[in-house]
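J.: Dropping a structure here in structure tokens format, bear with me for questions.
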Amino acid sequence: MRSTPLHPVARLPEEWSASLAARGERSFTAKQVFQWIHRRGVLDPAAMTNLPARLREHLAAEGLGEVLTPERVHRSEDGTRKLLLRLRDGATIETVLLPSVSGPGSQAQLDADAAAALDDDEDDDAAAEAGAAPRVRVTQCISTQVGCAMGCGFCASGVAGLKRHLGAEEIAGQVLLGRAMLEEGEELRNVVYMGMGEPLHNYEATARSLRLLTHPEGINLSTRRVTVSTSGLVPEIARLGADFGGQIALAISLHAADDETRSALMPINRKHPLDELLAALRAYPLPRRRRITIEYTLVAGQNDDPAEARRLAKLLRGLPVKINLIPMNPIEASSLGPPAQERVAAFQEVLTQAGYSCFVRRRRGDDVSAACGQLVLLGAKPKVRRALG
């Protein structure tokens, strides 16, 4: 049971209907309030001009207002923007906007192979044929916790451990704010739960935020364009599949093909070893023609040997997957580092020859520490991780 009432930004239309009906408001006002917040991105009750004054006063009294405040925006040379956001209790998180131009002669690069199915770009092709300017599609990477409890050896987010979970209003609020900060010609196309924190460790808030972001009366993101990445919390993977019918795109932070290596890199593997994780993936109710994304961070001298690639190919045999190779991005809190390019290419070649769709993720925003594994709790004191034995 919840110990505190739902924040207004976290309420779904049916919850607004119940609370406003109890106040004697007309039935249609619930839809209006939800649309003001989640379709228009307006959080100031005074600006909700089609609502009665008494209702605007009530919303203000309930605490409707900004849930996070942008403190700094770091812009990378490649156009990536990392936003440092201040929460109401003073804690900070980070979210990242990754623009990608699509059109003739350009590379549609969506970080993290963003939303599983990118086969519906006929509108872009038609615009190009008509002579329209290429659109700038944006993927937003959002956080679900202040810090992280998973302790992965190649990731900066957990260097100071978990401080607290984010509320659904703070998770969805990142997208509301990110959408408001889009630049001319940009459109938000994909949201990836790959920022600070383990989304499924904060399951209730993550699931509620998914419902908010995909609700037809709000932003109305297609579930195909929303990806949840997990380090492998097996019961919650099953729960996500059951609650959303497998419609939410799933990404698995795997990073090793044997339990010994994976447990050294990712402590969660000691609780949910590979056989449990693979069983959960086989049971995930994946729609036809959809695949699970396997994220594999290549760490020099740890998991980047071609023999490891062959083990990975064998491990994943029979699963509907695509593989995203991520050369480790340097972080201050770790002595681990990325492999040489030749090593990455050799690893990819093994997987490609084994019949897998395998891509190497292009670095985005690493010059402003916005790349994969670099989002970090502000003020965290690093505990240096040594190379694994």
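Just so it is clear, glycine is given a Cβ too, placed from its N, Cα and C backbone atoms.
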J.: Write down the one residue from Ser100, Ser222, Ser229, Ser357 that Swiss-Prot lists together with Gly197, Glu198, Ser253, Leu254, His255, Asn329 as binding S-adenosyl-L-methionine.
T.: Ser229
J.: Of the recorded positions listed here (Glu94, Cys141, Cys148, Cys155), which is spatially closest to Glu198 (S-adenosyl-L-methionine binding site) when Cα positions are compared?
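T.: Closest candidate to Glu198 (S-adenosyl-L-methionine binding site), judged by Cα separation, is Cys148.
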J.: If you draw a 10 Å sphere around the Cβ of Ser253 (S-adenosyl-L-methionine binding site), how many other Cβ atoms fall inside it, taking every protein chain shown into account?
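T.: Result for Ser253 (S-adenosyl-L-methionine binding site): 27 other Cβ atoms within 10 Å.
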J.: For a quick check of understanding: given the listed S-adenosyl-L-methionine-binding residues Gly197, Glu198, Ser229, Ser253, Leu254, His255, Asn329, what is the maximum Cα-Cα distance in angstrom, as an integer?
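T.: Taking every pair among Gly197, Glu198, Ser229, Ser253, Leu254, His255, Asn329, the longest Cα gap is 19 Å.
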J.: On a C-alpha basis, identify the one among Glu94, Cys141, Cys155 that is nearest to Ser229 (S-adenosyl-L-methionine binding site); the candidates are the recorded positions.
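T.: Checking each of Glu94, Cys141, Cys155 against Ser229 (S-adenosyl-L-methionine binding site), the shortest Cα distance is to Cys141.
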J.: Could you say which of the recorded positions Cys141, Cys152 has its Cβ with the most other Cβ atoms inside 10 Å?
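T.: The residue with the densest Cβ neighbourhood is Cys141.
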